[in-house]
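S.K.: Quick one: the structure is below, questions incoming.
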Amino acid sequence: MSCARITVTLPYRSAKTSIQRGITHCPALLRPRFSACTPLASAVPLSSTPLINGDNSPLKNTHQHVEERSSKRREYLLEETARKLQRNDTESVEKLKLIDNIQRLGIGYYFEDAIDAVLRSPFSAEEEEDLFTAALRFRLLRHNGIQVTPEIFLKFKDERGEFDESDTLGLLSLYEASNLGVTGEEILEEAMEFAEPRLRRSLSELAAPLRSEVAQALDVPRHLRMARLEARRFIEQYGKQSDHDGDLLELAILDYNQVQAQHQSELTEITRWWKQLGLVEKLGFGRDRALECFMWTMGILPHPKYSSSRIESAKAAALLYVIDDIFDTYGKMDELILFTDAIRRWDLEAMEGLPEYMKICYMALYNTTNEICYRVLKDTGRIALPYLKSVWIETIEAYMVEVKWFSGGSAPKLEEYIENGASTVGAYMVLVHLFFLIGEGLTHQNVLFFKQKPYHKPFSAAGRIFRLWDDLGTSQEEEERGDMASSIRLFMKEYKLSTVEEARSCVLEEISRLWKDLNEGLISIKDALPLTIVKVALNIARTSQVVYKHEQHTYMLSVDNYVEALFFTPLLSS
C-alpha cells in the first residue's frame, strides 16, 4: 500500500485566523467559539447540513455498503496486527516500536490486552544496552500505567554524570521519556535539562525527517499531545516513512474514518438535544454550542466505546457555558446570589424567587442532571445525584467568588485564584460526571476520591493546568474587558515581575511543575482508580494546551482547522 494522502495538515502550533471574532468571557472548557462567519462554518453550516438535521436518508444505503466492505477489511487487518504482537520470533525492541506506532496511530484500544502482555514480559539487560530502547520502554511502561523505575538511566551516564550527546536518537527518546516524570525523580529532571538544549542546538544539523521529529518534540512532547490530533498527524507522517507497515497504515486510516463517522453521529444527537432544549431562544442570549462542547469532550475521552459518556458530558458542558454567561455578563449581583442559593438547595421550589431567565436555566440544569443520573443508575446501578449535585454547587459557588472579587475591585492571592479557577473552567465538573458515566471502578473507596477537598493531586493538577492555559490564551482579551485578575497579572504582582513576558514564563514553568503532579496518577492512584479516569485528567490538560497554545496576542486561531479535520474531513489513501 502506498503512502496516505491527507487533506488537512495539522501543525501543533496554529497560525492566526484570517477572520477575527469578538470574544466574550466563557468557561475555558467550552472555548473556542465558532460563528457563521468562520471559514469552517461557511463550508459546513451546522444549521443546514443533513448530518446535523438528522436528514441523512439519501446517504444511508451508500454508507451501509461502504461500512460492510471496510468492516471485513478491518477485521482482517486487526487479526494480522494481533499476530505481529504475539509472534515470539520478533526482537523485543521491534515489538516496542510496533506498540509505539500502534498507539500513536490511534488504534491502541484494539490491542490493550496484547500490549499489556508484551510490556509486562521479561526484558533482558542485554536488550536495554542502548539509550533509545531503554527510554522507549520506560515511556511505554509508564504511559500504560505499569510500574517502572527511572534508575535504569543511571548506567547511561559517563564519569562526568552526562549522557552521550552524540546519540541524537537516544537523546530524543530520553527527552520524550523525561516528560513522564514525577516530583522527586531527579534522574529524569537531569535528563530533560541535559537533552533539551542539546536537541535544540542540533536542529540545524539534522536531516529530514529526524529534524522535523525533534522540532515537534521540542514544541509539544508526545506525552502532552491530544490523542486524535496526534493520530491524524502521525498517520500522515508514518505513511511517508520508507519502512512503514502498509497493513498498519491502512488499518489506522480505516479506523480514523470509522471513528469520525461515529463522532458525526454523536454530534448530531447533541445538536438535536440542544435545539430541542431551546435555551438560547428562551434566554435571548448565547450561541449554539454543540460543536465546541463536543470537541472538548472528544479530546478528553477519545475512546470510541465511550460514546454515551461523551454525549452526556457535552450536555453538562453546554449548560456550564450558559451559566458562565449569566455570571459574567447578564446577571445582577442580587440575582446571582439568589441563583447560587437555589443551586445549593437543589429543588424546584428553590427557583420560585428567580427572574424568568434564571428559572429557565435552573430547570434545564436540574432536568439534565437528573437525566444523566438516571442513565448512570440504569447502566451501573449507582446513585450519582449527590455527587453531581455537589460538584455543580461547588462550581457555581466558585463563580460567585469570582464575581465578588471583580465587583469589589479586590485581587485574590495567586494560589487562591488558581484553585478557584480550576472549578470555574469546568475541570472538576467534567471529572466527576465522567467518573460516573464511564462507570468503571465505582466502589465506595473510589468515590471518596471525588468527595475529598482539595481534590487528589493529579485531579487538582489537571484543573490548574487548564486554568493556566486558559489565562495564557485569553488574558489580553479579558483585560481589555476589565477582568484584571489572571494568573499572569498575579504572578507579576506577587513575584514583583516587571514584564508580562516574565510572568508568562512563570506560568509555563508552573504548568511544567504541575505535569509532574498529574503524572503521579500513572504510578499511584491508578492502583485504586481505573486507568481510564486517570487518562481523563491527563486529557483535560492535553486538550487545554491544544486550544490555548498559540500566539499570545490572539485568542481565536485556526482551531477551526482542527475541528474540520477531526469531524468533517476523512483521511484519503492513494
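Every residue, even glycine, has its Cβ placed from backbone N, Cα and C.
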S.K.: Swiss-Prot lists motif 'DDXXD motif' for one of the ranges 119-123, 189-193, 324-328, 449-453; which is that range?
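M.R.: My reading of Swiss-Prot: the motif 'DDXXD motif' range is 324-328.
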S.K.: Which residue counts does DSSP give the motif 'DDXXD motif' (324-328) for helix, strand and coil?
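M.R.: Helix, strand, coil within the motif 'DDXXD motif' (324-328): 5 helix, 0 strand, 0 coil.
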S.K.: Since the record lists ASP324, ASP328 as binding-site residues, which of them has the fewest other Cβ atoms within 10 Å of its Cβ?
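M.R.: Sparsest of the binding-site residues ASP324, ASP328 by Cβ contacts within 10 Å: ASP328.
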S.K.: Which one is it, among the binding-site residues ASP324, ASP328, ARG467, that lies nearest to THR474 (Mg(2+) 3 binding site) by Cα separation?
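M.R.: Its closest listed neighbour, by Cα, is ARG467.
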S.K.: Which whole number is the mean pLDDT over the motif 'DDXXD motif' (324-328)?
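M.R.: Result for the motif 'DDXXD motif' (324-328): average pLDDT 91.
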